[in-house]
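Single-structure report; data block below.
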Amino acid sequence: MTPVSDPSSFSTVSKCATKHLNLIYHVDFDKRVLKGKVALTLEVLEDKFSSLTLDSKDLKIFKVSANGQAAQFEVGTKHKSKGSPLEITLPFELSRGQHVIVEIEYETSPSATALQWLTPTQTVGKKHPYLFSQCQATHCRSMIPCQDSPSVKHTYYAQVSVPKELVALMSALHDGQVPDPSDSSRVIYRFRQPVSVTSSSLTESWEIGPRSRVWSEKENVDEAAFEFSETETMLKTAESLAGPYVWGQYDLLVMPPSFPYGGMENPCLTFVTPTVLAGDKSLAGVIAHEISHSWTGNLVTNRNWEHFWLNEGHTVYIERMIARCMESEHLRQFKGIGGWKELQESVNQFGANNVLTNLVPNLHEVDTDEAFSSVPYEKGFALLYHLEELLGGPEVFMGFVKSYIQLFAYGTVTTEEWKNYLFTYFKDKVDILNKVDWNAWMHTPGMAPVKPNASLSSSFFSIKAKEEDLASFTEEDVKKLKSPQLIEFMALLLQEEPLPLSHVKKMQEVYQLNSVKNAEVRFRWLRICVRAHWEEAVPLALKMATEQGRMKFTRPLFKEVYNFSKYSDKALNTFKENRGALHPVTAMLVAKDLKING
């Protein structure tokens, strides 16, 4: 393994490596803290080892011991985004190859960025509180003192004490539950994760396959079971493409509306936004994406966040291969066109010369949350699709992807190692690979240097209607479109100059788009309306921005209203009123978008 420093971590990954975590948590909803104890089993990687550094963020550290002996510790100066180094001095010296168990007693902060505490009124059921964690990219350190770097992978065991009317779930296999001996009103849930992973509620469940259950608040469980009924077919398709699924269970947890992402690929338990519950299975791509992460992201992991495209580009590639196998090549191409538009939007937002649009960005002194965008997903996919076209087509290139996964399984990888293996695998086509402009792809900002040669034209919609054409609009124009086509239609409109207000009003009159439930369609439609300065759409846009907290929707909706100068103050005031209900990362980024300091 090539030693690669991690600019987003303080931890001494070159001196020692975590092999196992043993976690004990007491979840305190009243104080909004986790009272915890973690035992890290560390393998020593150098001689004369007597000190180490862990990542921490806003943790109260009470006690540290090493192999049962008291150890000295000091929490260092807080960095603006990385938290604080936890410096630990051992009471003895160890040699390379030895192991030590470092045990830390601590408590999280009520403002821990990995945790979102919801009151009963913020849930669907309105009866019980809810807690979820979101550790990617560098937030695990706010709930566990650890080596918070994707270069470190370990197994774990956990025991979580919660009020007995609640259920605890983790990214691991369930290992039973017992009454909490210290409090008869609580129960302890136990979990084990035997496959090495990175550091990255009241529910009901419904079985949707031989190795899958869907969990959600009971109000959503029937709709979720319908929406995700093809999960086992997707899993089998992914296995046929990428190799065996090694994690045992594949469960889905429908999150509260404030969850900031479309999905999160926690091993054994994928978190998914409720905005995918469209009632027509049209947004199953989110599940295909998270399933694909079981191989690229969880099984093979980027060494640090500068190589994040290795996770996301390959995952998007496999996700679209699943769509190809289950539906058609036509759908895969269609998704590729939509992805190119998302890349264009990210590049426009950052600026074409911004180094954060590099496929491999430099993240020294960069907050990983602020670097997040569709670039690693779609620029990464564009590169893989370009290589597929050069090297022999989808079956040939998928053979490489599967082989790459097998080679680096259970480990971590850098872009250089991936590229070296690409040249090794296609050793008879090195002349083709040498013609690829690798610097333009990897280290140059802006759009990808080659646009995927999608065989499906995206110009099949006439969107330049004149005023006198409006009478020819009919309900059938939209009825004949499937949801992915309607999403694409809206995306095309967003790339044009703002539509005249008369056009937007006519579209609503004929197509009744305000009543569409599909979140991807609704999000784009409301942006089109606000851009056209249709004042009636402003409250609808702000309602969608606040009734859910998925960053993909919330940030652009707030920005669109803010940019409508008459309603800038309305956007600011609505955000300030609802800030407490948003995930901390979402709130921080929306505040930045709206130019709010502090």
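Cβ atoms here come from the backbone N, Cα and C positions, even for glycine.
Annotated features in TrEMBL:
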BINDING   Gln134, Cys135, Gln136, Pro260, Tyr261, Gly262, Gly263, Met264, Glu265, Arg550, Met551, Lys552  peptide binding site
BINDING   His289, His293, Glu312  Zn(2+) binding site
ACT_SITE  Glu290  active site, proton acceptor
ACT_SITE  Tyr377  active site, proton donor
DOMAIN    448-594  domain 'Peptidase M1 leukotriene A4 hydrolase/aminopeptidase C-terminal'
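Around the Cβ of Gly263 (peptide binding site), a 10 Å sphere holds 22 further Cβ atoms from the protein chains shown.
When the C-alpha distances from Glu265 (peptide binding site) to the recorded positions His289, Glu290, Tyr377 are tabulated, the minimum falls on Glu290.
Residues His289, His293, Glu312 make up the record's Zn(2+) site, and a Cβ search at 8 Å around their centroid adds Gly263, Glu265, Glu290, Ser292, Thr296, Gly297, Asn311, Thr315, Val316, Glu319, Tyr377 from the same chain. When the Cα atoms are compared, Gly263 (peptide binding site) and the residue listed as 'active site, proton acceptor' turn out to be 7 Å apart. Under 8 Å, Cβ to Cβ, and six or more positions away along its own chain, His289 (Zn(2+) binding site) finds Gly262, Gly263, Thr315, Val316, Glu319. According to DSSP, the domain 'Peptidase M1 leukotriene A4 hydrolase/aminopeptidase C-terminal' (448-594) comprises 101 helix, 0 strand, 46 coil. Checking each of the recorded positions (Glu290, His293, Glu312, Tyr377) against Tyr261 (peptide binding site), the C-alpha distance stays within 10 Å for none of them. In this structure the C-alpha atoms belonging to Glu312 (Zn(2+) binding site) and Gln136 (peptide binding site) are separated by 13 Å.
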